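Student: The structure that follows is given in the form of structure tokens.
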């Protein structure tokens, strides 16, 4: 019987050669079930001053679709408060480039508002519909062992955490890595790629992501530095992006997306490693690091030679490509530290306001934000002095190790601080490493509670 089956296959191959010439190899290779491509795109912030995160995600969606990823296999999570925001000078439109197209059109609203949360993100990633909450679309990554998954997360971050829109809600690095391990153990993918745009985003994977679960990740920054917003308005009121008063994109994000579009439009195949190198060079300000960050890679380096066509591109000659954002980045806009992008927005609103009540209100918002930052910094510094003797020597990072050894301790320390001092917010999460060091030093919980009450004797900060 074995020989009969072999003869039958050979006869089929001969028939293919006669009928289709050189196309027989392609037809033969299509005999196995084809793999499916999946994508999760999430912006974990809200507010018009965070415009760039949702613009990044909308742009990413357009790239997925141009690359042939089926709409039903793309899950989009974003607060959706930008396009129709009263501050938007182009109502109903979102731009990720000063002279680019609207990237909001056609983007599905799978999970918006309060449905953008840690629980739903992990449920979507794991393909667990029963764990979803709220009124989202119900779409999840129902991938199998032959499939390829792409995850893109754009947001604020801090050592060991990524933000969510709700105050005080964070995606901790250990929870993300646990979810990836779980999906791998369940045969939920053949390979999975994660791109993360956030400050200290390297800390999400450093010392945590194993190299044997077929996951490859790149991050906008290393474990100790901020990432950067870009296409931000400068002092020139006639410059591109000036009308928005806020940054239109993030440096790492527009780097990988504009690179992808250039290759897609030119029908030029590209690997994960090639894109990593291109993005790293651009994000580091062409190697100077004067206005940029260190793009990093983690996980299974054996995946790096893979083609991006496995995930979100289609560079075949027959691929249909629409108009995308401009590939050039020689525009007279500026890049700013992600954590200062909201200050830029508030400052420009104040500067552009006319005389009278409006100008005073914008000035008050700016002063309040600067004061809030100062209070958070002082509170954390005082707690460090009370528990660890003070000084910055205790917050140095240890390379190639996770931020903290006891993640439950870190969660408890953060909750205790916020109970006494108010939410850390998108700025304050930069202090996560300080709380991690308190845990690593073996400080008991009751000592942290006492120190926090001394550092913040009045009511919690309201952000």
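Start at 1 and count along the chain as shown; that gives each residue its number.
Quick reminder: no glycine exception, Cβ is built from N, Cα and C everywhere.
TrEMBL does not curate its annotations; it predicts them automatically.
What you see is a predicted model, and the numbers here were worked out from it, not measured in a lab.
Residues or ranges marked as active site in TrEMBL: 156. The active site, nucleophile annotation in TrEMBL covers 199. Annotated domain 'Legumain prodomain' per TrEMBL: 365-456, in sequence order. Residues or ranges marked as signal peptide by TrEMBL: 1-19.
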Student: Take every residue in the domain 'Legumain prodomain' (365-456), average their pLDDT values, and give the whole-number result.
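Tutor: For the domain 'Legumain prodomain' (365-456), the model's average pLDDT rounds to 88.
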Student: At a 10 Å cut-off from the C-beta of residue 156 (active site), count the other C-beta atoms across all protein chains.
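Tutor: A count of 29.
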Student: Around the C-beta of residue 199 (active site, nucleophile), how many further C-beta atoms are within 10 angstroms, looking at every protein chain?
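Tutor: So the Cβ neighbour count for residue 199 (active site, nucleophile) comes to 28.
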Student: Take the domain 'Legumain prodomain' (365-456) and count its residues per DSSP category (helix H/G/I, strand E/B, coil), listing them in that order.
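Tutor: Counting residues by DSSP class gives 70 helix, 1 strand, 21 coil.
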Student: Calculate the distance in Å between the alpha carbons (Cα) of residue 156 (active site) and residue 199 (active site, nucleophile), and round it to a whole number.
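Tutor: So the alpha carbons of residue 156 (active site) and residue 199 (active site, nucleophile) sit roughly 6 Å from each other.
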